[in-house]
Amino acid sequence: MTTTTDALNPAHPIDHGHGADHGHGGHDAHDHHHAPAGWRRWVYATNHKDIGTMYLWFAFSMFLLGGTFALGIRAELFSPGMQFWQPEFFNQLTTLHGVIMVFGAIMPAFTGLMNWMIPLMIGAPDMAFARMNNWSFWLLPPAAMLLIISLFVPGGGPGAGWTFYPPLSVQLGAGMDFGIFAIHLMGLSSIMGSINIVTTILNMRAPGMTLLKMPMFAWTSLVTAYLLIAVAPVLAGAVTMLLTDRHFGTHFFNAAGGGDPILFQHVFWFFGHPEVYIMALPAFGVVSQILPTFSRKPLFGYVSMVYAVCAIAILSFMVWGHHMFAVGFPATAQLFYMFMTMLIAVPTGVKVFNWISTMWQGSMTFETPMLFAIGFLCLFTIGGMSGLVLSLAPVDIQLHGTYYVVAHFHYVLVAGALFSLFGATYYWLPKWTGNMYSERMGKLHFWWSMIAFNITFFPMHFLGLAGMPRRIPDYALQFTTFNEVASVGAFLFGFAQILFLYNVIHTIRGGVGPSPQRPWDGATTLEWDVACPAPHHTWTEPPSLALVREGLIAQGLEESTHVEELK
Amino acid sequence: MTSLALQRQQGNRRTARRLLLAVLAMLGFSFAMVPFYNVFCRVMGIQQDRTAVADAPVAGWQQQVLFDSNVAAGVPMQIRALDARREGHAGGLMKARFELRNLADTPLGVRAVPSYAPLSAVRYVEKVQCFCFDAIHLAPREVREVTVVLVFKSDLPATLGPITLSYTVFGLDGGKQQTTATAQSIAKAAT
Ligand code: HEM
Ligand SMILES: [Cu+2]
């Protein structure tokens, strides 16, 4: 395998020129026409790169805000008893932390990545609907504002948890309405973004790139966007019913009026479980790009990877009951959801084995993106294992609502989704900025995050097993030590992210020097065939069939013909 | 615009229209889950209590419930059980009313805390709606009628005897507001 890539490498200088042609020749003049200067460039942005950049910065600022709330939680939990907050405010902190991280940080960050990278990777000039793309982004800041303002209305922010379970969510004050409207806006944004992504991927691929030859990141983006189109409207429906129960006298979830609060849980988790994969699948895609690059081998089992992603997506609609084992299901329902949930571990396992096989006997190097990808692989697998433990209904009835669940989903979301986002940033930062980041600082960020993450969340497994409930501001004395450890870890983890911000700004300002067009010698997808930094307009002419084929051969997706071998 | 670009744009629009239809269908689906859920529960025989509540009268043991009410010391208000004694049936529904009266000239925030006697009744009586679920804010001198709705489990034993459901009303902010309000009304009474 390595020999194929090696053989191909000499060819690259040729297409460097080719790519640079695309970037500069003829299109720079274009740029000055289309990119207005100053604030207009951002407010009226229709360029997929500008919009992607805005998504990424928005997501990062939300990440810092949500992280601040998390540190508020961990500060309170450093010792038993009440230190800083009232219980009501503590509930608002947990709620806003969850909502902001899920809808404000992780999801927009992936949408930003897709905006930036999908057109580059599939050889399209831009997203299919550039103006709608602008709307998708600009709905997000108002939604974030609603969430922040909610803290200052009488009664404070929504305090019912990110899951918004009634009856509490029906009884809370006006802050809850702000939360509901924020969810509406963010849902609308996701739907429009997803329509754009699906259309772009289905209709605008370069010649020669059939669906089964797309980069893995494009595949996971496609499936993620389909999932969002299917479940974002369901979430919108659920919170709309909450709203009418609150203000218009309906009784969807009000037991006294013949409704049922459990119904909300069904509707919410019908959205909620696919939602967790909406945050996980793009991470799978990122890792599937990074691992082959730094192993200098094609992705192992490409087709099985595609099928695994599709299988996970389909199964994710049939397992929502595993969040509700404790509501009093009949045994048959418990068994159904239990077996379906365990079944998801199969395609997930296929993916993990394929990633490991990709690295097997590769010429691996350990630059920062690779470190984050391997960190993802190790820790996400731990999260999958604790998920498997929770999928056992009799066990889950013990563990439901404890810190064990908190540990589980932070292993899959922080070490899964977030680590992949860090990896993706370091991987593509040279392409975005034209500069190389400092490898030393990147590695420091990785190891610091990796250690601090585990200090924070590993003890939570034990806290949960020992019975500490989640979402409480105070706890019994025997949980003290592990909570202290977790809180120390959380603050360490928080500081590591300031280092990340520093790294990114440092790179934008020049980093350790200009990056070559193809900074990673194992990188074979189309985004590396454009200049560095990527010019404002790329692939206004689709890449040539020959260029596409060259990449596909390097990715092991096409056989090279005799003629090409001679070349 | 070249014809190729035009063609592509038409294709894009078609795809987007289909996706939009899917979005609307799923929005419809989320609301359709409500009737579907009710039918599903009925067919599967899950949650008979809930269906029983909807189609009220069920034969069963006569169960007597006494309602009692108190006000915590220093809270300037009155609470009165308008239905001090009621009869219900196993598997049936019962509603009782209370009257709250703010005696002060200032707004008053209170919360009612319930308790059962005998304690074993807790297993068989469920509050589906109760004024004790929410904090209650009364305007100066306001009089308000509030309700509690109870469901009796169908396995309610005949041997339980009368149940007493007692409410005690407490001030919201740890009694601070109430003491000043009381002080004011006392001062007023004195003048
Ligand atoms: C092998 C795969 C997985 C299995 C078997 C699994 C299983 C479970 C189960 C049974 C629960 C419910 C625990 C409870 O509330 O009692 C749960 C909760 C959760 N899982 Fe997973 N999970 C898996 C993967 C994932 C992934 C990939 C993500 C996201 C990236 C994820 C995110 C979550 C979240 C956010 C919750 C908690 C939701 C809440 O109550 O707030 N899980 N998981
Ligand atoms: Cu789930």
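Cβ from N, Cα, C; glycine included.
Note that the coordinates shown come from a computational prediction; the quantities given were computed from them, not determined experimentally.
Pulled from TrEMBL:
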COMPBIAS  A:13-31  compositional bias 'Basic and acidic residues'
DOMAIN    A:33-546  domain 'Cytochrome oxidase subunit I profile'
REGION    A:1-32  region 'Disordered'
TRANSMEM  A:55-75  transmembrane segment
TRANSMEM  A:95-116  transmembrane segment
TRANSMEM  A:137-158  transmembrane segment
TRANSMEM  A:178-204  transmembrane segment
TRANSMEM  A:216-243  transmembrane segment
TRANSMEM  A:263-287  transmembrane segment
TRANSMEM  A:299-323  transmembrane segment
TRANSMEM  A:335-356  transmembrane segment
TRANSMEM  A:368-389  transmembrane segment
TRANSMEM  A:409-429  transmembrane segment
TRANSMEM  A:445-465  transmembrane segment
TRANSMEM  A:485-505  transmembrane segment
Give the mean pLDDT for the domain 'Cytochrome oxidase subunit I profile' (A:33-546) on the 0 to 100 scale.
94
Cβ contacts under 8 Å made by the transmembrane segment (A:95-116) with residues that lie 6+ beyond its boundaries:
48-49, 51-56, 58-60, 62-63, 65-66, 69-70, 73, 127, 133, 136, 140, 143-144, 147, 150-151, 157-162, 179, 182-183, 186, 190, 193, 197, 221, 224-225, 275, 278-279, 282-283, 286, 413, 417-418, 421, 424, 428, 432
Do the transmembrane segment (A:55-75) and the transmembrane segment (A:485-505) come together with 3 or more C-beta pairs under 8 Å, pairs six or more apart in sequence?
yes
Out of A:137-158, A:178-204, A:216-243, A:445-465, A:485-505, what stretch is closest in contact terms to the transmembrane segment (A:299-323), meaning most Cβ pairs under 8 angstroms?
A:216-243
Same-chain Cβ contacts of the transmembrane segment (A:178-204) under 8 Å, 6 or more residues past its ends?
95, 99, 103-104, 107, 111, 114-115, 118-119, 122, 124-125, 127-129, 132-133, 135-137, 139-140, 142-144, 146-147, 149-150, 153, 157-158, 164, 214, 218, 221-222, 224-226, 228-229, 232-233, 235-236, 239-240, 242-243
Can you find at least 3 Cβ pairs under 8 Å between the transmembrane segment (A:368-389) and the transmembrane segment (A:445-465), where each pair is 6 or more residues apart in sequence?
yes
